[in-house]
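Notes to accompany the following structure.
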């Protein structure tokens, strides 16, 4: 019975009886074990309990198997995470081949899409500006009354198709009409332009309405060119923004996007440089052709053939990625919760804008940028037509313009980060309006007061008109490059110090009111000026004055916003430093406490394992194979049992007291 109690104590990790009692019972067991040569009948003791318990030998005690003492190194090894399975993936240049199989095709697709877009953007301006009976005055009317409604209608159609088609079928259904149209335009519509354009009807309308309506009437006069203009604009917004980025976001993870998406931006500027050279090359083909040959028609066919071929390459890459690259393991499965973005009405947006000086200044930046860009661009293109009336000459200059824009944007993207880091937000936000002010003043001054400068310009081989074209080109190149390198980063940084409520509502208000107002504000101002003063040339002085007022308001808003942004940014920086310091201190305390607890637990586990396992090993060593036992060999076992009993009693006094009672 007492041996049974010992076994139960060991199984339950409870304290054993006292040392004297254990020694007495041990000798008692030895007296009964020596004469035993074969299994005998169980020895039963008279016990107060109704059911007797058989005597169990110490060597047969059901103890735990021997475990080595737990060491700190073993604990650290056990706590260390298992090696990631992805680390065994094959790599090339430090990047997993599975990732490269997605990123390289995406980069080629993006390059081809941007290459086509540059060709289309330069060609659309050549068509609508240099067409007979048209001019740059058509652009603001075209953007407002044709481009915007068709963009809205296309997106409604896209939404309907997305409900009934798969993603792959939707991609083909959207991109193939673009490819077919650009090919048909070069080989069918443009050669038949004299037959399909209602020139006589447009002449009668212009005679009845007056020269002020040259722009609106020109939309009817060259409707196929206007359709090409709209399709080229939609290529930028649909194929780039919707198709490509939707596909890229579908097959890439967040970590891959952080690493490779910035490279796509740099690659876009490289595509801009090469496509500009391509436009330049095909535009100069007219010089090598004989008299009487429509050089622009040949150049147009060559460039549209490139657009069609690259369009087919884009669809081929998309098909190959879907067939051979994408599988269930390469596509990230992420459950994205839809963000609750507030949808403010126009009245609510105006209320938010008027309630905060900070948001008003930020809204002024957005509106001023959109208006100033449009005011200068249309006037510059009208002077560009006056300098280069031939479509080939106009297109050749636009090729150089695109190449210069790509180089400037690439350089500014590299310098923009350094400017923000070294000079701060205020200087970086001031550079864009300051340069636009200088180039805008120079551009309008050459147009309005260029005649007295004619003798001076002649010495340099230029005219005031050509100088105005070059200054306007510099203004447009810098405005496009500064948008991605300085203006957009500064605008987004300005939202950071706002509180969460104003940050969300202010951004929503600017998206609802200021972005559309900035994009369409310049076009609406130009339309009003053209209809009021009869032509774009007559309204040029007023447009220059409006530009001056807008840019000065922009600079004032930057200065006001900087006085509010800098203190808030410093407070956020100090708060962040304090939180980091508290986090480090708390982590150090937790680590210190955790190490102490670990050492204590390791020590307690080691003593428990040793005290529980030693008796089993040493007791087994006292029983030879023949069943005899030596009295001297029983002493370590006895001592081990006593030692285990004493240690257990010292560690669990409450349980030991209850058990002894």
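Note that Cβ sites are derived from N, Cα and C of the backbone, with glycine treated the same way.
Looking at 83-101, 121-139, 140-158, 197-215, the range annotated in TrEMBL as transmembrane segment turns out to be 140-158. Of the candidate ranges 401-420, 481-500, 501-520, TrEMBL annotates residues 401-420 with the feature transmembrane segment.
Taking pairs at least six residues apart, the transmembrane segment (362-380) and the transmembrane segment (170-190) share fewer than three Cβ pairs below 8 Å and do not count as touching.
Beyond its flanks by at least six residues, the transmembrane segment (300-321) meets 102, 105-106, 108-109, 112-113, 115-116, 119-120, 123, 168, 171-172, 175-176, 178-179, 182-183, 185-187, 190, 247, 251, 278-279, 282, 285 of its own chain at Cβ-Cβ distances under 8 Å. Sequence-distant residue pairs (6 or more apart) of the transmembrane segment (460-478) and the transmembrane segment (401-420) include at least 3 whose Cβ atoms are under 8 Å, placing the two stretches in contact. Counting residues 6+ beyond its ends, the transmembrane segment (170-190) has Cβ neighbours under 8 Å at 120, 158, 161-162, 196, 224, 228, 231, 234-235, 238-239, 242-243, 247, 297, 300-301, 303-305, 307-308, 311-312, 314-315, 318 in the same chain. If you look at the transmembrane segment (140-158), the same-chain residues 6 or more away from its ends with a CB under 8 A from one of its CBs are 128, 170, 174, 215-216, 219, 226, 229-230, 233-234, 237-238, 242, 374, 378, 520, 522-524, 526-527, 530. Long-range neighbours of the transmembrane segment (401-420) within the same chain, counting only residues 6 or more positions beyond its ends whose Cβ lies under 8 Å from a Cβ of the stretch, are 118, 121-122, 265-266, 269-273, 275-277, 279-280, 427-428, 431, 473, 476-478, 480-482, 484-486, 489-490, 493. Remote same-chain residues near the transmembrane segment (426-448) are listed as 365, 368-369, 372, 376, 379-380, 383, 416, 419-420, 464-465, 467-468, 471-472, 474-475, 478-479, 482, 486-487, 489-490, 540-541, 543-544, 547-548, 551-552, 554-555, 558-559, 561-562, 565-566 (criterion: CB distance under 8 Å, separation of at least six residues from the stretch ends).
Counting residues 6+ beyond its ends, the transmembrane segment (542-561) has Cβ neighbours under 8 Å at 357-358, 360-362, 364-365, 368-369, 371-372, 375-376, 379, 426, 429-430, 433-434, 436-437, 440-441, 444, 447-448, 494, 525-526, 529, 533 in the same chain.
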